[in-house]
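Copied from Swiss-Prot, the annotated features are:
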type	residues	note
BINDING	His64, His66, His141, Asp212	Zn(2+) 1 binding site
BINDING	Asp68, His69, Asp212, His270	Zn(2+) 2 binding site
ACT_SITE	Asp68	active site, proton acceptor
Amino acid sequence: MELIFLGTSAGVPTRTRNVTAILLNLQHPTQSGLWLFDCGEGTQHQLLHTAFNPGKLDKIFISHLHGDHLFGLPGLLCSRSMSGIIQPLTIYGPQGIREFVETALRISGSWTDYPLEIVEIGAGEILDDGLRKVTAYPLEHPLECYGYRIEEHDKPGALNAQALKAAGVPPGPLFQELKAGKTITLEDGRQINGADYLAAPVPGKALAIFGDTGPCDAALDLAKGVDVMVHEATLDITMEAKANSRGHSSTRQAATLAREAGVGMLIITHVSSRYDDKGCQHLLRECRSIFPATELANDFTVFNV
């Protein structure tokens, strides 16, 4: 999987940072996909600066209905239609997302020429496409807000081809059945169980993308053991009380959660517009003093998961 940050500013855009939007390129050889997490104002313009076509988008996940995470959605939906894109699109989001989209389209005289499904979610598993699942966790924010945990299913271990050949199994279609863990019967009547010739399963990758949040009970479950955790660091340690009063987190809180959850990497985003480049490096240093494996997302930064 590959993360591409389209917007990394909190609340309002700056000269160098747009408001929140994150692309997830699934990069699967047989079931690829492009997912978008949040869609702040100007997201479709940011998308033009990447190699990705809006027609490849098949799912959009909205964390909550504050404008800096949402106001780019109607324009993106309409432009997608005006470009002749007919591929279906599904939007997941909290209660009210359907009314927002339908109202924006209706009062502007707009429509989509592609199938559009809107799913209003609650806490719990919201998607399993056979290769990965997505679970929504409730966060601490003035509006109903969710974080999303994306988990790949474990992949089958490598097939021991040499041992199979030694057992008299010819390479070819039978190998595919054995790779799937099935039992086959050879011409001489012997039964070969594929599970006996498979290495241990390869654990799938896991990713946690937080919406806006202050410290909350669900955060640890959302982030526990993931390879990459994306979390806001809106304000520095000295302004922690202010951040929490508005349903946001400080650098210290983001980094402490990453350490307690045992994540592989913390990526901080959603930084206040009060911080210039020097200030953002200060936020990064504060996080790294607690959790060294921290990176700062800038607009168009790409991370591999």
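Numbers here mean position along the shown chain, with the first residue as 1.
From the backbone N, Cα and C atoms, a Cβ is placed for every residue, glycine too.
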For His69 (Zn(2+) 2 binding site), the number of other Cβ atoms found within 10 Å of its own Cβ: 27
Inter-residue Cα distance where the pair is His270 (Zn(2+) 2 binding site) and His66 (Zn(2+) 1 binding site), in Å: 13
His69 (Zn(2+) 2 binding site) versus Asp212 (Zn(2+) 1 binding site) - Cα distance in angstrom: 9
Beyond the site residues Asp68, His69, Asp212, His270: chain residues whose C-beta lies within 8 Å of the centroid, for Zn(2+) 2: Ala10, Gly11, Val19, Thr20, Asp38, Gly40, Ser63, His64, His66, Gly211, Glu232
Distance [Cα-Cα, Å, rounded] between His270 (Zn(2+) 2 binding site) and His64 (Zn(2+) 1 binding site): 14
His141 (Zn(2+) 1 binding site) to His69 (Zn(2+) 2 binding site) - Cα separation in whole Å: 13
Listed binding-site residues (His64, His66, His141, His270), ranked by Cβ neighbours within 10 Å, top entry: His270
Sorted by sequence, non-His64, His66, His141, Asp212 residues with Cβ within 8 Å of centre, Zn(2+) 1: Ser63, Leu65, His69, Leu139, Pro142, Leu143, Cys145, Gly211, Thr213, Gly247
Among Asp68, Asp212 [binding-site residues], residue with fewest other Cβ within 10 Å: Asp68
